[in-house]
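Here is what Swiss-Prot records for this protein:
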ACT_SITE  H363  active site, proton acceptor
BINDING   11-14, K25, Q76, 81-82, 103-105, G140, E154, N169, N227, R333, K351, Y366, N377  UDP-N-acetyl-alpha-D-glucosamine binding site
BINDING   D105, N227  Mg(2+) binding site
BINDING   A380, N386, Y387, S405, A423, R440  acetyl-CoA binding site
REGION    1-229  region 'Pyrophosphorylase'
REGION    230-250  region 'Linker'
REGION    251-458  region 'N-acetyltransferase'
Amino acid sequence: MKEKALSIVILAAGKGTRMYSDLPKVLHKIAGKPMVKHVIDTVKSIHAKNIHLVYGHGGEVMQTRLQDEPVNWVLQAEQLGTGHAMQQAAPFFADDENILMLYGDGPLITAETLQTLIAAKPEHGIALLTVVLDDPTGYGRIVRENGNVVAIVEQKDANAEQLKIQEINTGLLVADGKSLKKWLSQLTNNNAQGEYYITDVIALANQDGCQVVAVQASDFMEVEGVNNRQQLARLERYYQRKQADNLLLAGVALADPERFDLRGELSHGKDVEIDVNVIIEGKVSLGHRVKIGAGCVLKNCQIGDDVEIKPYSVLEEAIVGQAAQIGPFSRLRPGTALADNTHIGNFVEIKKAHIGTGSKVNHLSYVGDAEVGMQCNIGAGVITCNYDGANKFKTIIGDNVFVGSDVQLVAPVTIETGATIGAGTTVTKDVACDELVISRVPQRHIQGWQRPTKQTKK
């Protein structure tokens with residue numbers, strides 16, 4: 001039998017009142033990415049035909065933040081329950097496809113669990129995702145007869161026997177489009193809250209003689225939703241520890257897996273060592289034997305073999321060659337490219353600059369919009385003056401150039417191979433090969449000088 005097409009509905013219209021935030025709840029982040037984006041990425045990996053995103057509160061913000069996502073935006077103008085949300089999406093359902101309902105505030109659901117749920121769906125019935133809890137207090141209980149689900153009973157409506165049930169409803173379900181549209185049209189809001197509940201389709205399916213089965217998730221955290229910042233923080237730490245464990249199993253040496261954050265994708269070689277409180281963002285690749293010191297932040301970087309990044313350095317969109325030494329307290333900004341065996345020291349900032357093989361910028365310097373050749377020494381306090389208040393200009397430094405301390409290189413300027421710039425010089429004109437350039441205020445010696453003294457108050 002031909003496999004049915006799959007469409008996804010992600011419910012994301014809630015206000016998230018308990019977050020105490022102007023930001024829509026589903027846009028709050030786990031591992032640097034909005035919760036709903038985690039869900040979207042997961043369903044994209046299972047090749048859904050359509051992704052319907054039901055939105056309401058903060059719709060303009062959501063559409064702006066998620067403008068590149070391949071979703072069909074479905075407005076739920078009034079939040080009248082989960083069933084009502086699904087009713088808004090129902091006109092887009094095809095009769096001959098499966099419809100999988102998810103929640104935008106459940107970011108940790110995995111593709112494997114969803115595929116298991118879809119595979120379990122009866123031909124014209126419903127498959128629910130459930131989980132067994134030691135303490136199910138507060139959750140809707142799954143009531144079964146002969147293995148099939150006949151009802152979901154909320155805590156307040158459960159009798160003594162039903163309260164003993166430990167299997168609870170996660171809210172995730174899959175059904176075929178034709179049947180689901182029928183059941184959604186039959187929902188009523190005849191309840192204390194005056195809302196339309198998706199759970200009522202279970203009774204409607206049973207009335208039609210359709211089978212309702214339940215698939216149990218192995219890990220409650222996978223289906224945990226977020227209603228407040230405490231829950232958000234709990235999911236963040238769980239997810240980070242899970243990522244850290246995966247890296248440990250892959251051979252990365254983490255000094256403390258509880259104090260490591262991965263907010264993107266990390267690829268790595270062998271014998272990588274990462275100290276505490278390191279943050280990885282975006283796409284980062286680490287070569288073999290890379291060492292990262294405590295408190296470093298790397299975002300969208302490529303790091304070569306045998307590089308050492310010393311504590312509290314910040315690297316963003318940088319490419320670092322083999323055996324480079326960086327830090328402590330260095331900053332590499334976007335557009336930085338360090339060749340092999342370069343040294344970037346403490347309180348040095350590099351921006352949109354190429355530093356050649358073996359060159360050193362070791363202390364208290366700013367190098368921006370520049371090309372630095374091989375085997376150069378850039379002394380302490382050197383500044384490339386690249387901005388005139390309106391435009392940026394480039395500094396070009398050839399090979400084997402020595403730049404002394406406290407030098408200002410006023411761009412645009414070129415310093416050719418082998419030149420030497422004396423300490424305290426302000427360079428405003430090009431320097432030829434092997435020249436020595438010095439520009440200083442003449443030194444004066446004043447004999448008998450006395451320091452001023454403080455005047456006493458009368």
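Backbone N, Cα and C define each Cβ position, glycine as well.
Recorded features from Swiss-Prot, shown on the structure.
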residue : record                                        : Cβ contacts under 8 Å, 6 or more apart
L11     : UDP-N-acetyl-alpha-D-glucosamine binding site : V54, T82, A85, M86, M101, L102, Y103, G104
G14     : UDP-N-acetyl-alpha-D-glucosamine binding site : K25, V26, G56, H57, Q79, D105
G81     : UDP-N-acetyl-alpha-D-glucosamine binding site : N189, Q193, E195, Y196, Y197, I198
N227    : Mg(2+) binding site                           : G16, R18, M19, K25, D105
R333    : UDP-N-acetyl-alpha-D-glucosamine binding site : E316, E317, A318, E349, I350, K351, K352, G368
H363    : active site, proton acceptor                  : G345, N346, F347, V348, G379, A380, G381
N386    : acetyl-CoA binding site                       : G368, D369, A370, K392, F393, K394, T395, A411
R440    : acetyl-CoA binding site                       : G422, G424, T425
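In the three-state DSSP reading, G81 (UDP-N-acetyl-alpha-D-glucosamine binding site) counts as coil. Summed and averaged per residue, pLDDT over the region 'N-acetyltransferase' (251-458) gives 98.
In this structure, the CA atom of E154 (UDP-N-acetyl-alpha-D-glucosamine binding site) is 74 Å away from the CA atom of S405 (acetyl-CoA binding site). Nearest by CA distance to N377 (UDP-N-acetyl-alpha-D-glucosamine binding site), out of the binding-site residues Y387, S405, A423, is S405. Maximum intra-site Cα distance, acetyl-CoA binding residues A380, N386, Y387, S405, A423, R440: 23 Å.
Per-class residue totals from DSSP over the region 'Linker' (230-250), listed helix then strand then coil: 20 helix, 0 strand, 1 coil.
Scoring each of the binding-site residues (D105, E154) by how many neighbouring Cβ atoms lie within 10 Å, the top position goes to D105. Every protein chain considered, the tally of other Cβ atoms within 10 Å of the Cβ of A423 (acetyl-CoA binding site) stands at 15.
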